[in-house]
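**Q** My questions will all concern the structure given below.
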Amino acid sequence: MQLGGDHGREEVIISYICHDVEKISSRGLWFGDDPLAYSVPLLLLQLSLVSIFTRSIYFLLKPFGQPSIVSQILGGVILGPSIMGRNSSFAAKVFPPKGRALFETLSLFGFMLSVFLIGVKMDPNMLLRSGKRAIAIGFSAFSVPYALASFVAFMLEQFSSLDPDLSKALPYVVALQTLTAFPTLACFLEELKILNSELGRLASSSSIVCDVCHWFILAVKFLIELASKRSIKMSFGFLFSVGLLLVIVLFGVRPAVLWAIRHTPEGEPIKEIYVFVVLVILLVMGFTGEAIGLNAFVPSFLLGLVIPDGPPLGAALVEKLDCFVSVLLMPIFFTMCGLRMDVFAIQQFKTVATIQLIVFVAFTGKIIGSALPPLFCRMPVLDAISLGLIMNSKGVVELFVLIAWKMEHVLNEECFAIMIISVVIVTGIVSPLVKILYDPSKRFLAYRRRTILHHTQREELRMLACVHRQDNVPAIIDLFAASNPTTESPINLVVLHLVKLVGRASSLLVPHQPREKPSSSQYPSHSERIFNAFNNFQQHYSEHMTVHCFKGISPHATMHNDVCSLALEKRSTFIIIPFHKFWVSGSVVETSHSLRHLNKNVLDKAPCSVGVLVDRGNRRKFLSSLRINTSLYRVATLFFGGADDREALAYAGRMSKHSNILTTLFCFSSSTDIVEGSARSKALDTDVLSKFRLSAFRDDRVSFEEVAVTNGEGVLDVLRSLDGAYDLVMVGRRHGESWLMTQIGKWDELGELGTIGEILASSEIKISASILVVQQQTKVWGLRDPEESMHLKTEYATQDL
């Protein structure tokens, strides 16, 4: 037997490992022949080998788009009887039969906790919220592959002489291939970072429907088998025990959990005693399930299901257990699957061909069944195929089912090995194909220009404001108050509260539904306090502004999908996102790298213009100053040139029409080009500057200052002079390369605000005003360079008229 084509190297590795094990054994670190006596050093050695091999394989396969489950199973295969375990010395010393008890116990305990956490993360209401399309997809994704695979299995049994073990296994092979387990699919979507994409949400809802169909069929078969093979008394006792367990969970544990949640104030962590009690109940439920004849994992899942997902209790359980389970225990489980498999048990090509034929038919049938309903709903073909591939994902649930069937002698060693290989192959094929076929950012391309610059005067301005916490609200409200909502040009504002996904398996993007009769004992939630602030703001502009509130719960890595998809759906022209740094007490800066990543993704993929709002802690309430109609709001716009500066200037032009706003434009010039750009871009710069200069002559509240600079230090001097003189400073994000920008770039920090924006937001330039860094829409369907488009030239000509 060879490993990597080098038999001698493999023997050396195994001999070194066995030598170390013998040294540990000689020191008396494990004890005699007692199978319950197990050494901690041996367990640590096993875990070390598992970690080394699985991580090495993961990094080797990562460039090919392979998920972690593939590397973990392959790591077990290498350590198991298929490769290294074929060496009798290695198998006897590293994975002895009586020394695997603790290793296997840890793996099954890890699966039990994993199933419990999956139940905690699940929202049973998703089945009720599933639309007609998800129900149709889920039912079709189960029935089509089940019918096709069952027909093929029937024909093989009728017209081909199969071994008794293979004939016995075929119905189970069909059942496994038609399964689309929601826990597996949720983990798959999260690893691909498409959990909160349109396709991800549709797949999640459809998989739950498919699960219900699958487990309903299995339950009916189980009850028929129970009635035929066991006495009536035993069957009645089993059903009564299961029913009693369900009653205890639903009417005993569930109300107690809800009571604990109600007595936990919002925003505060739940008491540790509640978490401890839940874990004790989990162990009791597992033991009870085994005692009445159920698998311990069924009551564990039911217990997790009755615990509400998300904070406080669900999030606390996930936070405390998820890392321990996913990083330590579940790799042991996957490795154990590989250790139990022996590829040399596969002896007959006919068995391989038969099982793989059914796997292929079910795989194809699931793609067809999953893709047909969306195609009738006019979903793009590639997206429909991607959905079918996602519904074919395999993982932890399927592996556990295979192990259970092997232990029950439903599958022999040969069929078990073939099925494990099929899981690895299907998962290995599906993951890279989905990455190639489905890109959620392609859905965010708009078919027309959505910018403030191209917004017509007498048209509703649609804007989207993203909020992470209450501290973001005052600066955003000030900005919208300055945006001059009027009867001729009202503002349609969408407020999106972005919440990190914690303690949930599926993301959520829903409109806010206010409580009809809030009780005096119920304090408003964090989202309600944010939305109430914007609703109160709307009351001051009831005829000029409408506010729509949404809540998005998703992982930070894919949160931009919620922002971009909602902006596309609501046809927003401008997105406001808070800067990732927060000023506390005027000087201390709190940084969130995940929010920085979110901002970069929104800037890169947004279907419209974007503004990053930097709140420097200036708590001046612009709205209240408008009531007394005496205070003025001072806005400065910095213009160097380029599309982003033109967009910022267009926004400043809208603000300048407000009677309480003083607008100043600082136009930087030099003997050479301030920024590089095409001839078309420079012509557009000249055009918008001329229009703004003309408005400055007509309106005393608008001023124009041309600033001649010779080096980067001159620009910095102007930026420093803004402190204390203005309430809002606006500038474009991107500027073309030039000698001036190269000099200024020495002070620039790497970030999402661009050269000038990063300097304004840095601690070196102490400006108390809020800063808005603007980026004009970067992508339009079918246009590589919008500035050079003949269609846009026509737009500008129309605007001039």
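A Cβ is built for glycine as well, from the same backbone N, Cα and C atoms used for every other residue.
This is the feature table in TrEMBL:
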| type | residues | note |
| --- | --- | --- |
| TRANSMEM | 36-61 | transmembrane segment |
| DOMAIN | 57-435 | domain 'Cation/H+ exchanger transmembrane' |
| TRANSMEM | 73-95 | transmembrane segment |
| TRANSMEM | 101-122 | transmembrane segment |
| TRANSMEM | 134-157 | transmembrane segment |
| TRANSMEM | 169-190 | transmembrane segment |
| TRANSMEM | 202-224 | transmembrane segment |
| TRANSMEM | 236-261 | transmembrane segment |
| TRANSMEM | 273-297 | transmembrane segment |
| TRANSMEM | 317-339 | transmembrane segment |
| TRANSMEM | 351-372 | transmembrane segment |
| TRANSMEM | 384-404 | transmembrane segment |
| TRANSMEM | 416-438 | transmembrane segment |
| DOMAIN | 494-617 | domain 'Cation/H(+) antiporter central' |
| DOMAIN | 635-778 | domain 'Cation/H(+) antiporter C-terminal' |
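Could you tell me the structural context for the features on the list?
**A** Sequence-remote contacts of a segment are chain residues at least 6 beyond its ends whose Cβ falls under 8 Å from one of its Cβ atoms, and for the transmembrane segment (134-157) they are 167, 170-171, 173-174, 177-178, 180, 202, 205-210, 212-214, 217, 354, 357-358, 361-366, 368-370, 372-374, 387-388, 391.
Sequence-distant neighbours of the transmembrane segment (169-190) (same chain, 6+ residues past either end, Cβ-Cβ under 8 Å): 67, 115, 118, 121-122, 141-142, 145-146, 149-150, 153, 156-157, 162, 200, 203-204, 206-208, 210-211, 214, 217-218, 354-355, 358-359, 362-363, 366, 390-398, 401-402, 405, 410-412, 415, 419, 430-431, 505-506, 555.
Counting only same-chain residues 6+ beyond the ends of the transmembrane segment (202-224), those with a CB under 8 A from a CB of the stretch are 126-127, 129-131, 133-135, 137-139, 141-143, 146, 175, 178-182, 185-186, 189, 195, 370, 374, 387, 390-391, 505-506.
Below 8 angstroms of C-beta separation, residues 226, 230, 270-271, 274, 278, 281, 285, 288-289, 292-294, 299, 302-303, 306-308, 312-313 of the same chain, each at least six residues beyond the ends of the transmembrane segment (236-261), sit close to that stretch.
Long-range contacts of the transmembrane segment (273-297) within its own chain (CB-CB distance under 8 A, at least 6 residues past either end) are made by residues 111-113, 115-116, 238, 241-242, 245, 249, 253, 257, 260, 264, 303, 307, 313, 316-317, 320, 400, 404.
Among residues of the same chain six or more beyond the transmembrane segment (351-372), those with a C-beta under 8 A of the stretch's C-beta atoms are 137, 140-149, 152-153, 156, 160, 162-163, 166, 169-170, 173-174, 177-178, 180, 206, 384-385, 387-392, 414-415, 418-419, 422, 426.
Remote same-chain partners of the transmembrane segment (384-404), defined as residues 6 or more beyond its termini with a Cβ less than 8 Å from a stretch Cβ, comprise 69, 73, 111, 114, 137, 141, 176, 179-181, 183-185, 187-189, 199, 202-203, 206-207, 210, 295, 297, 330, 333-334, 336-337, 340, 363, 366-371, 374-375, 411, 416, 419-420, 423, 426-427, 430, 433-434, 437-438.
On the 0 to 100 pLDDT scale, the model's mean across the domain 'Cation/H(+) antiporter central' (494-617) is 79.
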**Q** For the transmembrane segment (416-438), give me same-chain residues lying six or more residues beyond its boundaries with a C-beta closer than 8 angstroms to one of its C-beta atoms, as numbers and ranges.
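**A** Sequence-distant neighbours of the transmembrane segment (416-438): 64-67, 69-70, 73-74, 173, 176, 188, 191-192, 194, 197, 199, 337-338, 340-343, 345-346, 351-352, 355-356, 359, 363, 382-383, 385-386, 389-390, 392-395, 398-399, 402, 405-406.
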**Q** When DSSP states are grouped into helix, strand and coil, how many residues of the domain 'Cation/H(+) antiporter C-terminal' (635-778) land in each?
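**A** Output for the domain 'Cation/H(+) antiporter C-terminal' (635-778) reads 60 helix, 32 strand, 52 coil.
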